[in-house]
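Noted in TrEMBL for the protein shown:
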| type | residues | note |
| --- | --- | --- |
| DOMAIN | 327-449 | domain 'Pentatricopeptide repeat-containing protein-mitochondrial' |
| REPEAT | 356-390 | repeat 'PPR' |
| REPEAT | 423-457 | repeat 'PPR' |
| REPEAT | 545-579 | repeat 'PPR' |
| REPEAT | 580-614 | repeat 'PPR' |
| REPEAT | 615-649 | repeat 'PPR' |
| REPEAT | 650-684 | repeat 'PPR' |
Amino acid sequence: MHMHRFRARVFLRSISLCKSKWHQHHGAQFHFSQNRTSTTGPKFMEFAAEPSMQLQVLKALCSGQRKKASDLLLDFGSRTHSLTADDFLHIFKFCARSPDPLFVMEIWRFMELKGVSMNDTCSSLMMEALCEGGYLEEAFDILDFLGGSQCLYPVLPLYNSLLGSCSKMQSLIQANKCLDLMEKKMVGKSEVTYTELLKLAVLLKDLRAAHLVWQEYVKNYSMGIIALRRFIWSFTRLGDLESACKTLQQMVSLAVRGNISIAKTVYGKLYSTRMDIPVPSNKGLGLTISDFKEIKKLDSCMSAELDGLNGEEHSLLMKVLRWSFNDIIHGCANQKNYILARKLILQMENIGLQPSCHTYNGIIKAVASHGSLGDAIEVLKKMQQKNLKPNDSTLATLSITCCRTQQLDLAEAFLNQISECLYPHPYNALLASCNELNQPERAVQVFAKMKQKKVLPNIRTCELLFSLFGVVNAPYEDSNILSQVDAAKRINAIEKYMATNGIQHSHLSIKNIVRALGEEGMIREMIQYLHVAENLFIYRNPSLGTHMYNTVLHYLVKAKESDLAIAIFKKMKLCGCDPDSETYNIMINCCTILKSYRSACLLISTMIRKGFCPVICTYTAIIKILLEDENFDEALNLLKQVILDGIQPDILLYNTVLKQACYKGRIDVIELIVEGMRREKVPPDPRTCGYVFSAYVDSGFHNTAIEALQVLSLRMMSEDGNLLGEKKKIVNEFIMSEDLAAESRILKLFEDSEDELAVGLLNLRWCAIAGFPICESADQSLWARRLEGKRL
């Protein structure tokens, strides 16, 4: 009586939990069962010899008629006077295959009411149905109940099935509970147990647990090919290539000795033919035939010994070996271990193991991860010579590698060969390269192909789209109303594209929008997006705000919106965002708009107290304020101190002084700065030439202006101001040529980003056309020699 009450209590608890979970997670199970009708229908041929009532229950279940199946089950009991567990076998099989944990519990209740004893097969199928359906708690209850039954004792396969379900659900707590129960019941462990434990370790990314499984396994079993294969797979997935390689050497050693024991089922699944009898191994990972660093030391007779196996054994062994080599090679690609991958390929060749398409894909990825595009393409050629085609992921890897080396034509060619791209990463890489190289036209084509192939974007795609297309005007072009309208339309279109694909803004995507609006001078819209960024990111994580605020402050200062910049700077500090060196330099530059030397000095003082050292742009802003006040002496003294402090002045600082000196007609300052540039080896740029030339012309020194223009142009084209060798030939070709197309050829240099060379050639050609003699070296100029005596 006590046993019956216990059974009823366990059943009611389990069936209640099952129903709750069923309605919560599997409300559409009836329709789901109908979808299986076509696949399970032919199975009825197997049941032709079974009683018709069991067949009717199965048909009702397959058609999704659960209530009818329950009614038929009750009718089944009333019509049949003697029932056994085998009468329910195929119903249990269906429930395990579906899985249908609720109906399997209903069968169990019916069998309990009819006094039908459960056998090992049916109990195993019931456990499988519960486990596959995710009802682990109920499975534990049933297992505990069966353990207390006098007529049936749960065997090890039941526990292994439950442990396997714990692994699938990545439930460490339930797995430990199962192991404790196994230890309590003293059911022991089999090879299947260790396999499930190994799967759990991989799913939980626990390398230490995988090594513990290895240590316990070798205490109880000698290693076989299939077991080694599982450990190689596990160590590789967990990133332990060293252990994986050592294990691989054990596998090769077993293969050479003929210890194979492999066969395959009718379904093609490989299994070990060894009896599952514990036989301790006398070798651990530390006692392998070769350390992974010495893989190349191989026995030359291996290939011959492997060839001595019979056809099927040889075929299965080669398959397992190739799988294991491939696993580690792909692991090498993930860890960028190109050297180890090459050693493994050599070992494959030495033992007569032909690389497969999967092998070559792994090698190409490993080589590409090392940054060697040429070697990767060589491997690709070998692959194609053997009529093997790279898979889509390999083509994606090659395309990404080409993008890193800025070979965009080749990258696009590989990308076009991909038949199905599940992830946008290769397209993102190409878009990023287009952004870096300022090729928006190519980016438009890439994005169009991405949409054509229906590749779903991610947030990185949208970040790049804002960066590529948010700014309408080319560099150095001023914005206007038309460009601002166009920019707003583009940003709006990209945001709609994001919404269509369910993508939310990131910190970087909004920052790119802010930058685009700032470049177009759309201050009001830029501030609106700053507020969006504050609400989404900055108030929650102030550390993200510094770069965003710096971007906004930069464009406010550029637009001479000093009052708004000061307000944003104060708000930035109130939000908890710590200003950095860039922030202080932007605000010091803002002081040049206000012409406030005192405010700039206060900011520098605060900057130094916060641990930030002034840099060259800091001094440029201070000198600019002094020059605006016509305080040239103090500005030159500060410049001299900068040089004495070991800070290298840049062309922007020198041009800042030259610009103001040109406006004020200070030839003495002009000459001091030009000589200072020569001493500090800072080459002039086109602005330098313009300021110096204009200053002399405005002062009436025309000949000196031409001479200075020639010297500065020569120094702009060559560091020492001397044209020798090829450069001299180029100068003579372009400057002295009477061909009308000469200037067009000079202007073409701008397309190759050789601005200084192009401007220098145009300046010298203009001097030649004006009738002035051209000097080939700055040292020949009397003006340059005269300036050598001037010092700050």
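Including glycine, each Cβ sits where the backbone N, Cα and C put it.
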Intrachain neighbours beyond the repeat 'PPR' (650-684), with Cβ under 8 angstroms and 6 or more residues off its ends: 616-617, 619-620, 623-624, 627-628, 630, 632, 635-636, 639, 642-643, 691-692, 694-696, 698-699, 701, 708, 712, 715-716, 719, 756, 784, 787-788, 790-792
Segment confidence, the repeat 'PPR' (356-390), expressed as mean pLDDT: 89
Counts of helix, strand and coil residues, the repeat 'PPR' (423-457), according to DSSP: 25 helix, 0 strand, 10 coil
Tally of residues which DSSP labels helix, strand or coil - the repeat 'PPR' (545-579): 27 helix, 0 strand, 8 coil
Composition by DSSP (helix, strand, coil) of residues within the repeat 'PPR' (615-649): 26 helix, 0 strand, 9 coil
